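Undergrad: I'd like to ask you about the structure that follows.
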Amino acid sequence: MTTPALLPLSGRRIPPLNLGPPSFPHHRATLRLSEKFILLLILSAFITLCFGAFFFLPDSSKHKRFDLGLEDVLIPHVDASKGAKNPGVFLIHGPDEHRHREEEERLRNKIRADHEKALEEAKEKLKKSREEIRAEIQTEKNKVVQEMKTKEKKPLPPVPIPNLIGIDGGDPEDNDIRKKREKIKEMMKHAWDNYRIYGWGHNELRPIARKGHSTNIFGSSQMGATIVDALDTLYIMGLHDEFRDGQKWIEHNLDFSVNSEVSVFEVNIRFIGGLLAAYYLSGEEIFKIKAVQLAEKLLPAFNTPTGIPWAMVNLKSGVGRNWGWASAGSSILAEFGTLHMEFVHLSYLTGDPVYYKKVMHIRKLLQKMDRPNGLYPNYLNPRTGRWGQYHTSVGGLGDSFYEYLLKAWLMSDKTDHEARKMYDDAIEAIEKHLIKKSRGGLTFIGEWKNGHLEKKMGHLACFAGGMFALGADGSRMDKAGHYLELGAEIARTCHESYDRTALKLGPESFKFDGAVEAVAVRQAEKYYILRPEVIETYWYLWRFTHDPRYRQWGWEAALAIEKYCRVSGGFSGVKDVYSSTPTHDDVQQSFFLAETLKYLYLLFSSDDLLPLDHWVFNTEAHPLPVLHLANTTLSGNPAVR
């Protein structure tokens, strides 16, 4: 059995539904037209375009451009001549009337000259034979292909490299803890080795059927999602032979020039995040090169009237669209709001501000919008710039947006005060309207739907316990203790959702209605698909409190996964956590290796492995370094580790 289409397949993200009509192969036209007739059609269209441009030239004085102008602040090594601006400038382009007329006349003359040149070239083409035209077309094709290959091989410029601390080690002093850590490492080996045997190159693994698996979030191509997602986990566990196997596959097989429609969000957090983390940990240039190649393929998704990206984009054509089920064709808050960390690092590593500008434009747009009760709705229409359905959640559809506001501040060495303010404002509204205490004394985070609170909490929302703890330091009005306690209360509630099942594994979501507390009611909410969020919260709270209960709870979860999810061909999710004889869903999610096992390993490691004052984890648990400006090399110098 495969995972039902309605299941959200990964951490802090939307349900990846199989939507829309199936894709059909493109067929060649059956009409046989001569090349000369085709050229005449093209010439006719070009002439029409030229005359249209001539008579309908836009008045440039009417156009305004909002310049974000902040890349100098967070990307100090970017060359100003390549697009960096002075901070906080609002530019209005409006030349005087005389200069405007001269510019219009210059454009008209240029169009006339181009028009005449095109006519002459077309006449010359029409004099040639069919074979000569075919040969020229093939020559042009070859030239374009060669230019693309040259561009891909072009080395990236040397840039400042953060001072990397704590990329290996982490051996615990306690012998019992060391044994538990080794057990987690053995579980990782079991998951990886079976993927290596039965699903190599596929996106994920079906461990019972023992074959590759994929979902529509990765498109129709075999992109090796598990390989990319697992690399940094392999590295920090010291599984370097396995890491090198993954690196070789990526170097020789990972190709983004495929006709495949992918989720911008999922590909960003798993692939770009995973490749960047692998680059920082290992220093291997191939990971940085591949991350930049993929990022360039995602940029067309931002070509919308508002700059809010589409949910999906075709890697080859650049055509984007949104999920068919999303409110009125909207983009999703947790998707377009979970790009900042990776895109800032892309600008940092390439010296190109385009990535930074894209995510800062999203932030500026959100800052200008009204928010009902101070809450961010989950849906925003990329065409109109208006909110869709008024549905707010800290679980699926909204979750990682809030996470990335906090982490943008942390990643900037706590200099991005704008991000911190947005986070604090949002959390205050969430605490006022969504966070409640049940009759039994359990603190939970509900969902706001059409003016009322739904007393239901998802497994995805359990990450928030760790987020509150992570954001406690630096909170307003000396409320650090309050938010640390709030994080601990959320952790307790999520532990109860595990403890009240037969398998000691948590359901996808659970209710707080009447006598029912922290328990799933509907059958469709009783599954567990190897999710990491509860264990993630245990790890953050362990780091900040060293309360032994979090290691105890984490070990309980690890034993339950080992007992009920482990099969001979890997690890599988289960369909009903309340059944003592569960049925498996036969999917080993890539995030199980990227997140769940990584957080378990870190939970039983010492704090000097990936210390939180030097590393920030993206929403797929890929560690990216804090950009300590004092710890970077000088701009333009070769990177030195």
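If you go along the chain as it appears here, the first residue is 1 and each next one adds 1.
Yeah, the Cβs are placed from backbone N, Cα and C, and that goes for glycine too.
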Undergrad: Between C494, C565, which residue forms the disulfide that TrEMBL gives for C462?
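TA: TrEMBL says the disulfide from C462 goes to C494.
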Undergrad: By a simple count of other Cβ atoms within 10 Å, which of D399, E533, the active-site residues in the record, is least packed?
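TA: Sparsest of the active-site residues D399, E533 by Cβ contacts within 10 Å: E533.
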Undergrad: Looking at the recorded positions C494, E508, T619, which has the shortest Cα distance to D399 (active site)?
TA: T619
Undergrad: Using Cα coordinates, what distance in whole Å links T619 (Ca(2+) binding site) and E533 (active site)?
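TA: Here the two Cα atoms are 10 Å apart.
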Undergrad: Sort the recorded positions C462, C494, E508, E533 by C-alpha distance from E266 (active site, proton donor) and give me just the closest.
TA: E533
Undergrad: Could you state the whole-number distance in Å separating the C-alpha atoms of E508 (active site, proton donor) and C494 (disulfide bond)?
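TA: Cα to Cα, E508 (active site, proton donor) and C494 (disulfide bond) are separated by 11 Å.
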Undergrad: Please work out the number of neighbouring Cβ atoms within 10 Å of the Cβ of C494 (disulfide bond), leaving out its own Cβ.
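TA: If we count other Cβ atoms within 10 Å of C494 (disulfide bond), we arrive at 28.
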Undergrad: Could you check the recorded positions E266, C462, E508, T619 and say which one's CB has the fewest neighbouring CB atoms inside 10 Å?
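TA: It is E508 that, of the recorded positions E266, C462, E508, T619, has the fewest other Cβ atoms within 10 Å.
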Undergrad: C-alpha of C494 (disulfide bond) to C-alpha of E533 (active site): distance in Å?
TA: 9
Undergrad: Whole-number Å only: compute the distance from the Cα of E533 (active site) to the Cα of C462 (disulfide bond).
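TA: Pair distance, Cα basis, whole Å: 6 Å.
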